[in-house]
Amino acid sequence: PGYCAFYEECGRNPSVGETLIDPMVPLCQVATWSLLQVCPMLDRGEKNTYACCSRSQLDALEDSLTMSKAVLIRCPSCAENFAHLHCINTCSPNQSQTVRVTKTMNVTHEGKVREAVVAYQAFMSTTFADAAFQSCKNVRIPATGGFAIGTMCGRYGAKLCTPQRWYDFQGDSSNGLAPLDIDFRLIPEGVTEGLPKGVVPYNGKALKCNETTPSGGLVCSCQDCQQSCPVMPPPPLPAEPFRLMGTDGFLVISIILLCFFLFAFVLYLSVCCWMKIQEKKDEAKGKGRGKGKDQNGNNVTQQLIDPSEVTRIEKTSLAAQEFLSSLFRAWGTLIASHPFKVGSPSLNPTIGLMHIELTTDPVQLWSAPSSRARREKDFHDKYFDPFFRTNQLILTAPGRTGHTYDSLLFGQQNFSGIISKDLIIELLELQTRIQNIKFWSEDLNRNASLKDVCFAPLNPSDPSLTDCAVNSLPQYFQNSLANLNAKVNMTKLGQTKEVDWRDHFIYCVNSPLSFKDITDLGLSCMADYGAPVFPFLAVGGYDNEDYTNAEALILTFSLNNYDRRDARFKVALQWENEFLKIVQEYQRDPNTNFTFAYMAERSLEDEINRTTAEDIPIFMISYAVVFVYIAVALGEYSSWKRILVDSKFLVGLGGILVVGWSVLASMGFYAWIGIPSSLVILQVVPFLVLAVGADNIFIFVLEYQRDVRRPGEKREEQIGRVLGNVAPSMLLCSVSESVCFFLGGLSTMPAVKSFALYAALAVLMDFMLQMTAFVALLSLDARRQDNNRCELVCCVTVSSQRPNKPNEGFLLPLMRKYYAPVLLHPVSRIVMVVFIFMLCGSLFLMFHVTVGLDQELAMPQDSYMLEYFKYLYKYFEVGVPTYFVTTKGFNFTTVEGMNGVCSSVGCDQFSLTQKIQYATESYLAIPANSWVDDFIDWLNPGSKCCRLYTLGPNAGQFCPADKCEYYCAVLRYIFLTLHLNETLCVTESEPTRCLPLFPASRFMAYHTPLTNSKEFTAALQKARELAHNITIGMRKIPGTSPDFEVFPYTVTYVFYEQYLTIVPEGLFNISLCLLPTFVVCCLLLGMDVISGLLNLLTIVMIVVDTVGVMTLWGIDYNAVALINLVTAVGISVEFVSHLTRSFALSTKPTHVERAMEATANMGSAVFAGVAMTNLPGIIVLAFAKAQLIQIFFFRLNLVITLLGMAHGLIFLPVLLSYFGMCVKKRELTVSEHHHAKLNFCFQTLIYLYNERNKGG
């Protein structure tokens, strides 16, 4: 057996400076003392327990162990192992076998000079050391999410910590915890060589972290001990791509559809061919009816239809057509006859425009108030205030060479070029300059500064500048230049070197919670506002926690996020504006040594508004180009002399004004009833209404120009008759589009909903104004033209007379003579195959379109935010913080309630924080910190933090930690657990106000770095799945309300939630828009189902092909794209419906002839009115600065227009020529009667002429 190497305390260690615990050193004497409380592992029973330490030594040892147990007590076996070795070293009766005194000093204590031990060697086996280390290495500090051992391993941190390094730190008196130097020697088991005589390395039993302790301590929790973790099922594998026959399933389906459609088309052609052959054979046999005879016996080219053959539906159809034509004819004649009496529409836009409100808040624009993310945001902001506003710089110093520093404490360390003293000082100067921002605030009526708006977590009521949350590397030095310049000579293990800011930095990035470093500098690592600065908030661009090799410095100012109606919100905006001014001025300074990116919370909104303002001229030019085109294209030019007479400049201007007035009327009405507008509406709705309006204008004006006034017919009557011919077609399209957009207003997305409502009313108003103001304008222009007066200078007339013949222009003859015959030639009609291939290919591509909108696309190409995003994705090592928020209905005050939340020893293995810990392998980088765990640690008697006065006037009340009264007693753990509510309410003036069911609580974790919308959306989905799983588990705890819920929240969720549902939402909205195009077409064409279906099919093909091209051109599918797809339905109606109606009403004998007539007459108007109106304006948008405009307005609208033109003017005529409705019998009957009447009149004229000649 061994003997005592030292005994008792004999004063303070003179070789140690300021420490957290008085460095009392033992006396070199021998004695024994009974111990049960501090070192139970030495207890051998009554009268058999001996130790080499006194009561005062035990008290000192207990105090020292308490400091360490405060962070290790979450794992009882770890705390037991930690105390085990120090009890052996200090109190073992066989002390001489494991301890060798290496240094003593004479110390005067209580007037006596004694020999004191100030250093010794401790010998232990590697088996014991490794086991003890393994039991402690995963113990966490919930408040930081880091490992407790990281604070107990000095420079190495948790990642590089080893048993030897761990014990070296414990034996280093310079760390402020060890009272003397202990040289721990770890000896492999069985090795005796080199050991001092009589030394037997200690090889006791170290407990595993998943074992209970002899004193009754439970096994460690899973968060602190991997061996305690339950066997978790592997995470579900991502869904396999849809595959058929070993390849892409959608490709296989598309190929099958292509083959099916081609086979069906070929079969149809074969059947048609066979039927034609049979008809020719029948005609050859005399079975055919041949040409028909009218009632006068004359040959006609069509079959004669008996009135009895006309069905009721056809009669109803014709009646509807005649009713609409007669109604619009009468209306047009009335308006044309009294053009000056046509006033402004009853809906005056100025009524509502005074109240117009533009929504610029992205949250209100893209997240519905009733959406889950919005409700969760409102709940969080109600109880915890909105997420603070971030103003940030990410600074680099490319080209700067690094250096190697040989640290006394940490060995050789490589420092990157940016981790240099001069750059840190420069950063501190910039930080100080920003902190000292002052400006005059009209809202506060005084000078304002950072302290008026800053986020000050530890002093929110009356903060000073040093209370403001500013995170940066200089905060490790409390923003003090003196601390940064501090140097001191330090001796360690016989070696003396100078330590400086680098040693302090290395220590702090590995132990950010330390109030004192382990150097002789004695500096704190805490920021000047009282909180820790975690290294991932101070530096970036490092690998594997190698902070000294970081490539970037991060400077962050956090402001309170006030409600927009709060006056302080404007003050915060002003401060951010001043912040941007200083940063931009600093960036322009040629003496700046940094290359950096920056942002303010207001930057996104500012940049979007800036680029919108800068792109307004582009939109104006676009509209001007369209106006010039309309004015030129509407003119009918018969000669150079009449060019100013026949031009339609004022008519074109009037058409543009009608569009503008309809948009303003729509905006005014919705502003009046309180539905806000947005920049998207201002950009898209005029474009849409212009496409619709221009088409109607061209159809009306071109029809008027191609018409010849009948004998005895007034000009007003001619205008009315022309309007009666074309207005039903205009009504068909306008009603289809308006109903389509009104149904689109059922969308839950605010931006889509408001756009649809504004567009619906604008299209309706545009039609109404065209039927009133534009008809009146055309009547006035016709009078001017009849009087040969020049446009703009009406007092000037020309002598050349207007020719009394229809003006077909050049487009109608071109399409009638060349385009339509070529398109509808039997060979050319095979173009159907191309469109079938396009449809099937687009179906395949549609299922591979990217869903989302990366925030960079919202910025103009010259925005400083684009550079910031690059720096953010490159240098930031963690993602956004996310909170797991609990609603009311959960009782935290019961043992079951606390166990269902906490993650320390004795807690449920599937508690809230444990489940979050399990999720750190996916989209969570740092597990949640837990106030419940902190509170449990505070309550633990081992921490000696929670005490009550036992005597005096304050008996029974809380005794603060800074009070040293001997009559303060530590309460038992179980008591405070059961009375958590009373403990929390101890400082309340009215304890009854404290309720056991908290209305809300939250637990903060960090996402992994997220760089695009796909990752943000996936992170949201995974967080919700985790929260739902937690909710189900916690609802099973007794006393939990059935409506209790846990949900995840971070600032980005409200923007990315839409991508979870945008695909079904888009299908729903587009389907609703397509429905009226079919129904209205059927109704206005007299229940012509076939025409309605062909009309619908073509529009569907345009939309599908558009999405397919989006995939090829890299256009993501998102809310902006959905708005454009809804717009595509409206524009497609213009391309398709006019032509469909023209075909349906044609009385030509064959499908091909009817398709030719419709293509020539209506196709030319559609081409001139829709395609050529849109294309020039769209092409101008290619020069816009905003990427959103370039992608979603130029690219996407160009695709929509080109595909609409291709399908409307190529595919649809061919489709109608094959599958269009047969000519209606009732219309043939009317046509026959009309031709018979004309023939009778002609025969009568011939008879009268002959009789007159006879008489002559």
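Including glycine, each Cβ sits where the backbone N, Cα and C put it.
Annotations in TrEMBL come from automatic prediction, not curation.
For 284-294, the entry in TrEMBL reads compositional bias 'Basic and acidic residues'.
The feature domain 'SSD' is assigned by TrEMBL to 615-780.
Annotation source TrEMBL lists region 'Disordered' at 284-303.
The annotation transmembrane segment is assigned in TrEMBL to 250-271 (among others).
Annotation comment: TrEMBL describes 616-637 (among others) as transmembrane segment.
Same-chain residues lying 6 or more positions outside the transmembrane segment (649-673) and placing a CB less than 8 Å from one of its CB atoms are 345, 347-357, 623, 626-627, 630-632, 634-635, 681, 685-686, 689-690, 693-694, 697, 701, 754, 757-759, 761-763, 765-766, 768-770, 773-774, 777-778, 781, 791-792. Annotated transmembrane segment per TrEMBL: 649-673 (among others), in sequence order.
The annotation transmembrane segment is assigned in TrEMBL to 679-702 (among others).
Taken from TrEMBL, the feature transmembrane segment applies to 722-744 (among others).
Summarising the annotation, TrEMBL assigns transmembrane segment to 756-780 (among others). Long-range contacts of the transmembrane segment (756-780) within the same chain: residues 328, 331-332, 335-340, 342, 345, 347, 650-651, 654-655, 658-659, 661-663, 665-667, 669-670, 675, 677, 681, 684-685, 688-689, 692-693, 696-697, 700-701, 704, 715-716, 719, 723, 727, 730-731, 734-735, 737-745, 747, 1069, 1126-1127, 1130, each at least 6 residues beyond the stretch ends and with a Cβ under 8 Å from a Cβ of the stretch.
Below 8 angstroms of C-beta separation, residues 248, 250-251, 253-255, 257-258, 261-262, 265, 823, 1013-1014, 1017, 1059, 1062-1063, 1101, 1104-1112, 1114, 1116-1118, 1207, 1210-1211, 1214-1215, 1218 of the same chain, each at least six residues beyond the ends of the transmembrane segment (830-851), sit close to that stretch. The annotation transmembrane segment is assigned in TrEMBL to 830-851 (among others).
The feature transmembrane segment is assigned by TrEMBL to 1066-1086 (among others).
The transmembrane segment feature in TrEMBL is assigned to 1093-1113 (among others).
According to TrEMBL, the transmembrane segment annotation covers 1119-1139 (among others). Beyond the ends of the transmembrane segment (1119-1139), by six or more residues, the same chain brings 366, 680, 684, 687-688, 691-692, 695, 699, 729, 732-733, 736-737, 740-741, 744, 749, 751-752, 755-756, 759, 763, 853, 1058, 1062, 1065-1066, 1069-1070, 1073-1074, 1077, 1081, 1095, 1098-1099, 1102-1103, 1106-1107, 1110, 1158-1159, 1162-1163, 1165-1166, 1169-1171, 1174, 1188, 1192-1193, 1196-1197, 1200-1201, 1204-1205, 1207-1209, 1212-1213, 1216 to within a C-beta distance below 8 angstroms of the stretch.
Under 8 Å from some Cβ of the transmembrane segment (1160-1184) lie the Cβ atoms of residues 615, 618-619, 621-623, 625-626, 629-630, 633, 687, 690-691, 694-699, 702-703, 729, 809, 811-812, 814-816, 819-820, 1131, 1134-1135, 1138-1139, 1141-1142, 1190, 1193-1194, 1197-1198, 1201, 1204-1205, 1208-1209, 1213, all in the same chain and six or more residues away from its ends. Residues or ranges marked as transmembrane segment by TrEMBL: 1160-1184 (among others).
Residues annotated as transmembrane segment in TrEMBL: 1196-1219 (among others).
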- In terms of Cβ proximity under 8 Å, which residues at least six beyond the ends of the transmembrane segment (679-702) contact it? 358, 360, 365, 608-609, 612, 619, 623, 626, 630, 633-634, 648, 651, 655-656, 658-660, 662-663, 666-667, 722-723, 726-727, 729-730, 733-734, 737, 751, 754-755, 758-759, 762-763, 766-767, 770, 774, 778, 809, 812, 1120, 1123-1124, 1127, 1130-1131, 1134, 1138, 1162, 1164-1166, 1168-1170, 1173-1174, 1177, 1189, 1193, 1197
- So which of 250-271, 616-637, 722-744, 1196-1219 is most in touch with the transmembrane segment (1066-1086), counting Cβ pairs under 8 Å? 722-744
